[in-house]
Structures are given as structure tokens and as C-alpha cells.
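So the structure is just underneath, and the comments pick up after that.
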């Protein structure tokens, strides 16, 4: 067991060092470095939405087309995954600009992957495409909200289950 702990500690240190050198942000203390290592290992070891599920969500939202701003689900949303600015903020603000990210397929896909994985793993729902799709559409408790079921059926219509 100690060997496993040491392995994950070393992986965390390596990944954290890589993150620190890429971001060029100073680490204030050893405790900060330790916390970053734990978060890095945890983020690398959790479940993740599949490429097929991401594609089905994209199809369900926009037929996987770049869509400009429109009023959608009570807010202004856009792009392949119809994300709004709050969703973009919650996924970590990739791409540096909301509009750019939402309209860039790769950036939007990264945002959806991060958002659904982070929120889905804390939802109490199983690690499935259904959980990820309903979380994407309904937020943190989307997998528990019956109003997200029709969206899930739409995702299923594109071959996901």
C-alpha cells in the first residue's frame, strides 16, 4: 500500500511540476505544492466522458454546427454545445474568451468535458453518458432533474446509451 501511495505522490509531483512550469505561477509554500499534487493526481484518475458521448451531446445541442448567440434555456448561449458564459466560467475559462471558446469546436469540447466530468463525479449518479448529458444540460444536479430526461432521449437518438 505504501508503494502505491508513493507512486501517486511522485506522479502528482511530476504533473504538478509540469503544470507549474507551463503556467509559470509561483508556488507560495510546500503546503500549496502538496495540495496541487493531490488535486492533480485526483483530476487525472477520475472518470471521464467518452468521445462518443461528447459527439452525441454536440449533435443533440446543435447538430454539431457552430451556432451564434441565441436565447436558450433561459440565457444567451452559443456554439456547438450551446454553452453560456457561466458554464464557460465553471469549466475553467478555456481559450481566454467565452465567445471564442464557445465557437471553437476544440475549445468548446474541452469545456464540456471538464464541466461534465467535474460536476458529474460529485452528483451521486453513475459514471455514464446519461449522467454527463443530463449534467451538461441541467447543471450540477441535472442527473436528478426530470426536466433533463427529454434531452437525454435526444442524446440517445444519436446512438448513445
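Cβ atoms here come from the backbone N, Cα and C positions, even for glycine.
Those TrEMBL annotations? Automatic predictions, nothing curated.
Positions annotated as disulfide bond by TrEMBL: 53-129 (among others). Under the three-state DSSP scheme, residue 129 (disulfide bond) falls in the helix class.
DSSP gives residue 56 (disulfide bond) a helix state. Residues within less than 8 Å, Cβ to Cβ, of residue 56 (disulfide bond) and separated from it by at least 6 positions along the same chain comprise 129, 133, 155, 156, 158, 159, 160. Sequence annotations record features per position, and here TrEMBL assigns disulfide bond to 56-160 (among others).
TrEMBL lists 58-64 (among others) with the feature disulfide bond. Long-range C-beta contacts of residue 64 (disulfide bond), restricted to its own chain and to partners at least six residues apart, with a cutoff below 8 Å, comprise 55, 58, 80.
Take the CB of residue 91 (disulfide bond) and look out to 10 A: across all protein chains shown you find 22 other CB atoms. Look at TrEMBL and you will find 91-111 (among others) tagged as disulfide bond.
What TrEMBL records for 101-107 (among others) is disulfide bond. The local packing around residue 101 (disulfide bond), expressed as other Cβ atoms within 10 Å of its Cβ over all shown chains, amounts to 23. In the three-state DSSP classification, residue 101 (disulfide bond) falls within a helix.
Among the features that TrEMBL reports, disulfide bond is placed at 125-143 (among others). When secondary structure is read from DSSP and collapsed to three states, residue 143 (disulfide bond) falls in the helix class. Neighbour count (other Cβ atoms within 10 Å of the Cβ, all protein chains): 23 for residue 143 (disulfide bond).
TrEMBL lists 1-23 with the feature signal peptide.
Just so you know, of the disulfide-bonded residues 53, 125, 129, 160, the Cβ with the fewest other Cβ atoms around it within 10 Å is the one at 125. Most Cβ neighbours within 10 Å, among the disulfide-bonded residues 107, 111: 111 holds that distinction in the structure as shown. Residue pair residue 107 (disulfide bond) / residue 53 (disulfide bond) shows a Cα separation of 16 Å. The Cβ neighbour count for residue 58 (disulfide bond), using a 10 Å radius and every protein chain shown, is 22.
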